[in-house]
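Read the structure below first, then the notes.
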Amino acid sequence: MTLALTVGVLVAGAAYLLQRRELLRVILGFVLLSHAVNLLLMAAGGTDRRGEPLGTDPDPLVTGDPLPQAFVLTAIVIAFAITIYLLVLAVTGSRSEAAGTVAPGDDDDPHPDDLDTDQHRTGQHQTEQYRTDDHRTVGEGSTP
Amino acid sequence: MNLVAVNPAALPLLVAGPLLASGAAVLLRGRGRTGLVVLLATLTALLGAAVALVAATSDGSVLAHQVGGWPGGIAIPLVSDAFSALVMTVAVLLTLVCSVFAIATGPGRHRLFAPLVLALTAGVNGALLTADLFNLFVFIEVMLLPSYGLLVLAARRRGTLRSVQGSRLYVTFNLFVSTVLLTGVALVYGLTGTVQLGELAGAASRDPRVAAAVGLVLVAFLMKAAVVPVHGWLARTYPSTSPAVTALFSGLHTKVAIYVVYRVYAVVFEGDSRYLWIGVVVFSATMLVGVLGAAGQSRMRSVLAFHMVSQIGYILLGVAIFTLAGLTAGIFYLLHHMVVKAALFLAAGAVEVRHGTDEIEALRGRVGREPVLALAFGVAAASLAGLPPFSGFVAKLTLVVAALDAGQVAAVVVALVVSLLTLLSMLKIFGTVFAPSLWPGTDEAPAPAPVVAPDGGPVPGDGPLGDLARQSGTATLTATTSGEPGRTRATWTAPAVALAAVTVTLGLGAQPLLALCEVAALGLLDTSAYVAAVLP
């Protein structure tokens, strides 16, 4: 029952945050939502009828189910990785929304391009073309 | 009769191979083109393996491997039957072709392109092979994480805000859908105590609570497949990245989702006829809304993305009919559509890379004499609309006949009307952008292509790729090609031409592939062989 109520509260908070305009709040909403689903996974292991995984009787009917815990562990790692990436996306470009391109400092790539000069030149040409296209379309989206 | 004997223990290699190659490509990224060699070699080897898998499963046999040698029910099984082998073959083929296009046009030369594509391939293969719902969730994430990187891939300091904005939408949408999927998996586990497809076989048709839980999993995959009313993300994110990556995603992501819907509905629901009407209604709406959405778009890739939504309705109609003919038609349609859509995106992409825009009106008359590219786009467009003698005609004909046999007259009417609208929409692009380049006499006067494009467009023939284009160009284009300024390079055109050739071949020689699709459909109708292989 406690688990069910917690999941409910977390989902309610997530639903509120996901409808905000700012990407940062949306990301926080996703953090709450993934917590809620992780607790749901734990509950799916039958927490009402099972005890702790260690220390109790190793009877498979009573002892804790390890599979949902493995699921939760995997899901936490994945959600964590994507959340970090979303935070990077929220920051990237925020300094130069008007300029239409991502600011040079946003890509702190330590390596110089591993392209030889000729290839690099053609690559530049092409991306210049993208940019001319992009200048026109920037601002259509409503992202903060 | 088994044409080729494949040891099931080799199945994990289809996932591990590209993953290891991805790691190798990361280590080799500073050494010029070695990463690209690793990429192309791995994809070619995978293509060979997938073809061997098709040959080994063409008699309806099912290959299964319990990873780690654990007993059935504990191990995570990797399974391949004719259906997954066919989809994998086409998926790897598309990855190969799109990688060649990406390398020729620019984004493929980024040092992280090869590792990301290889990891993406590992995720796709894993999702096609696994017979475990949670493992499926993991492989979908393995597929999506490199995709997030590919979406914003650009040369250093040349990233665009549009791709970042498209990426924000794409990542938030997919994170949400993955959460829904995970919720579904949790509910399935809570109700049945297992997430393995073999143990879940038929569970949903016996217990409506399981049906609701697995239904949530299916809803998540339908959202990933961009089914109406959750289709808006696709048309807004796909055009935001580079043309090569759009083509790559069009062939993989939504199609893997469709594969899962077919598989899960066949195994867990056993094709339960009580829920089929929902599919017929939703997928008919998808067909119609997608094509109507395309009418309002002014950019080539947006139009094509909306058509993709519409075509996804056709493909999924096969599972909503769930007869042998319906499933066969749906599987054939899936394979045909993967090829044709990528061909269209690649042909449009070649024009976009050359001219810097994909606004249809802005391109009016700007494309110079490009008979080969125009022909490739025209063939793919006609195939998409369902004109004979291309594969789209076979796909639509078999689907319509199957739907009529199943008594879904309304869906047939929608399908035919949508076909007509698709044709009109394709003619809009073809007539404005490509047709003048086929018949230069009619449109030459107002807009000859600029010799050196003022927007800094590359002139054919500069750099090593130009040399490559000259060498290979004689094979596909006439000898004067590289001498004439303003012409798209042969290496940019060749991928689209190759895929257009595939759709012609599939249209003229459809019988062998239809027979294979029927084997795959039989495997979905009677899942006992699949279940027996998963649970030894």
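Even glycines carry a Cβ here, placed using N, Cα and C.
These figures come from a predicted structure and were not determined experimentally.
Feature annotation from TrEMBL assigns domain 'NADH:quinone oxidoreductase/Mrp antiporter transmembrane' to B:132-422.
Positions annotated as transmembrane segment by TrEMBL: B:6-28 (among others).
Using a Cβ-Cβ cut-off under 8 Å and counting only residues 6 or more beyond its ends in the same chain, the transmembrane segment (B:35-56) has close neighbours at 2-6, 10, 13-14, 17-18, 21, 24-25, 28-29, 63, 80, 82, 85-86, 88-89, 92-93, 95-96, 99-100, 103, 108-109, 111, 113-115, 117-118, 121, 125, 516. Per TrEMBL, transmembrane segment is recorded for B:35-56 (among others).
For B:82-105 (among others), the entry in TrEMBL reads transmembrane segment.
As annotated by TrEMBL, transmembrane segment applies to B:112-130 (among others). Beyond its flanks by at least six residues, the transmembrane segment (B:112-130) meets 11, 14-19, 21-23, 25-26, 29, 35-36, 38-39, 42-43, 46, 76-80, 84, 87-88, 91-92, 95, 99, 102-103, 136, 138-147, 149-150, 153, 248, 252, 256, 259-260 of its own chain at Cβ-Cβ distances under 8 Å.
Among residues of the same chain six or more beyond the transmembrane segment (B:136-155), those with a C-beta under 8 A of the stretch's C-beta atoms are 15, 106-107, 109-110, 112-113, 115-117, 119-120, 122-124, 126-127, 130, 163-164, 166-167, 170-171, 174, 178, 181-182, 185, 224, 237, 240-242, 245, 248-249, 252-253, 256, 260. Residues or ranges marked as transmembrane segment in TrEMBL: B:136-155 (among others).
The transmembrane segment annotation in TrEMBL covers B:167-190 (among others). Residues 133-134, 137, 140-141, 144, 147-148, 151-152, 200, 210, 212-221, 223-224, 233, 236-237, 240-241 of the same chain sit 6 or more residues outside the transmembrane segment (B:167-190) yet have a Cβ under 8 Å from a Cβ within it.
Positions annotated as transmembrane segment by TrEMBL: B:210-235 (among others). Only residues 6 or more beyond the boundaries of the transmembrane segment (B:210-235), in the same chain, are considered here, and those with a CB under 8 A from a CB of the stretch are 133, 140, 169-170, 173-174, 177-178, 180-181, 183-185, 187-188, 190-192, 200, 203-204, 253-254, 257-258, 260-261, 264-265, 268-269, 272, 275, 282-283, 285-286, 289-290, 293, 297, 302, 305-306, 308-309, 312-313, 316.
Among the features that TrEMBL reports, transmembrane segment is placed at B:247-269 (among others). Tertiary neighbourhood of the transmembrane segment (B:247-269): same-chain residues 83-84, 87, 90-91, 94-95, 98-99, 101-102, 117, 120, 124, 127-128, 133, 136, 140, 143-144, 147, 150, 197-198, 200-205, 210-211, 214, 217-218, 221-222, 224-226, 234, 238, 241, 275, 304-305, 308, 312, 315-316, 318-319, 322, 327, 330-331, 334, 337-339, 341-342, 345-346, 349, 524-525, 527, 530-531, selected by CB-CB distance under 8 Å and a gap of 6+ residues from either end.
Panel annotation: around the transmembrane segment (B:275-296), residues 211, 215, 222, 227-229, 231, 235, 269, 302-304, 306-314, 316-317, 319-322, 408, 410-411, 414-415, 417-418, 421-422, 425 of the same chain, lying at least six beyond its termini, place a Cβ under 8 Å from a Cβ of the stretch. The transmembrane segment annotation in TrEMBL covers B:275-296 (among others).
Taken from TrEMBL, the feature transmembrane segment covers B:303-325 (among others).
Under the heading transmembrane segment, TrEMBL lists B:331-351 (among others).
Residues 280, 283-284, 287-288, 290-292, 294-295, 303, 307, 310, 313-314, 317, 320-321, 323, 326, 381-382, 384-387, 396, 399-400 of the same chain lie 6+ residues outside the transmembrane segment (B:406-427) yet bring a C-beta within less than 8 angstroms of a C-beta in it. Look at TrEMBL and you will find B:406-427 (among others) tagged as transmembrane segment.
Within the chain, the transmembrane segment (B:6-28) has long-range Cβ neighbours (under 8 A, six or more residues past its boundaries) at 34-35, 38-39, 42, 45-46, 49-50, 52-53, 56, 63-65, 67, 78-80, 88, 112, 114-116, 118-119, 121-122, 125-126, 129, 139.
For the transmembrane segment (B:303-325), the list of distant contacts is 222, 225-228, 231, 234-235, 238-239, 246, 250, 254, 258, 261-262, 265-266, 271, 273, 276, 278-280, 283-291, 293-294, 297, 331, 333-334, 337, 341, 344-345, 348, 360, 384, 395-396, 398-399, 401-403, 405-406, 408, 411, 415, 418, 422, 425-426, 428-429, 518, 521-522, 525: same-chain residues at least six beyond its ends, Cβ to Cβ under 8 Å.
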